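Chemist: Structure provided below as structure tokens; questions to follow.
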């Protein structure tokens, strides 16, 4: 049953509903085409339910995006002169197909690759001029406060080596974040070695300087912004925002989260420690025909966020036995402590990678390891440790006293840092905008690229701790869509040949037909979950979003439905006394149940 009210109407606050709805879009250059295909499908399903004017911004309480995902976020939420989004979801894919070849021009000259390598050593691979112009033209003078729903866009400030989160929720307390959306998008897309850093300022109504920003790609801090978005919402709930219904910050069963990846390359054996142990700076930047250092940091960032999210949404309801002590379930991890320590200390460009094997009692090979510094994934391991303990409690380990996994007041945590340099202004975007590979490796008398990744890892863990200390709850409302089987060409962030762009569209279409995956907490690997496809899950997602929007409008006094419902309240009471079906009962039986998202 559909509840169409005609022209599109804005989403009422969660206080009138049952769920908090979140959309998250990863970074990934031209691979932003993949989530654009998924979003087009979802918006089409919503239009079938609510009419052709339905837009994604009308259904999500917050849309988060990093790098290319930040641009998609802005296009979906920036208003035109009539107050509609400047782009429907179907327009985003067309935008990428039209403009990506000009943003990342692909030379046909056979000698071009060698020339590009030389150019990339001394300056950014692309000048960013076309990208900046098209973003400014598209978003015009709109600022963060203008978006049609709340947005969260992570960036990284290289002057202070700190993540900067442009969040609608923070505008009341931090007005300096109310920057032009064009500046925010240019900043979050400024991938080191690919595009120049971006600097700008925000001012108050009298033209007085509020803040200066020196930004690079938000992907160095949170390429997958899902956890950032959840954290922003959680903070709003904690501070008692009137826009949220009475809810404990631990009630993750009340969150409905759609997290879209941009694909990752299919590699089972990407690099090995024997070869990489001889790499120096250039080897880590260009070894194996790729960019190992960037690959390692970005992949570990995505994997750890997906891991933490899976803990949050699965721990109390997981069917897997991840919560057993690791040595009981994974004997291959019972390595020599010396090998473990050498591996976790093998910092790229500083110490050689380390390879070793574990064997069973009969000398049979269990597993081969090719390790580098664990700091690329979790330089501050506090969150990892808390997650491991929480899962032990959840599985009912006899080693713990009776305690709910949500009782973080029963944790006594000592987290020891190793110090960090005192820098108020480390790098600036004006200088770094001219850096190429060599500049990012040795600019400013330091190693900027390594500094950025490691510092962002530490900072984001501290940020996420606020989420982890909220209890772990349901997995049923978390859906992540990601393709982990991309070829080398499809995985490239800037390959803009017509063939590759069309193939990316095909990846998005085919991804709809693939099964839903969830992280196996025992292996850390995404595996198919039952027999539900992404397309089927999205249809159920659309039904849930449709239901949520309708319920809010029914309960809100600010909509026509709400006013009509108030008038019928007396009729409901009268009908109930006479044994007649009430309006609320009709709604309950007409709409799909929330748990339909969990295919059983």
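Positions of Cβ are set from backbone N, Cα and C atoms, glycine also.
OK, TrEMBL features for this one:
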type	residues	note
ACT_SITE	67	active site, nucleophile
ACT_SITE	217	active site, proton acceptor
COMPBIAS	556-585	compositional bias 'Polar residues'
COMPBIAS	590-600	compositional bias 'Basic and acidic residues'
MOTIF	27-32	motif 'GXGXXG'
Chemist: Pop the Cα-Cα gap between residue 217 (active site, proton acceptor) and the residue listed as 'active site, nucleophile' into the table, whole Å please.
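Modeler: Each residue's Cα considered, the residue listed as 'active site, nucleophile' and residue 217 (active site, proton acceptor) end up 6 Å apart.
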Chemist: Taking only the residues in the motif 'GXGXXG' (27-32), give me the average pLDDT of this model.
Modeler: 90
Chemist: Just to be sure I understand, if DSSP states are collapsed into helix, strand and coil, how many residues of the motif 'GXGXXG' (27-32) fall in each?
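Modeler: Looking at the motif 'GXGXXG' (27-32) with DSSP, the answer is 4 helix, 0 strand, 2 coil.
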Chemist: Give the number of CB atoms, excluding that of residue 67 (active site, nucleophile) itself, located within 10 Å of its CB.
Modeler: 34
Chemist: In which DSSP state, out of helix, strand and coil, do we find the residue listed as 'active site, nucleophile'?
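Modeler: DSSP call for the residue listed as 'active site, nucleophile': coil, neither helix nor strand.
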Chemist: Starting from the Cβ of residue 217 (active site, proton acceptor), draw a 10 Å sphere and report how many other Cβ atoms land inside it.
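Modeler: If we count other Cβ atoms within 10 Å of residue 217 (active site, proton acceptor), we arrive at 28.
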Chemist: Please report the DSSP secondary structure of residue 217 (active site, proton acceptor), reduced to three states.
Modeler: coil
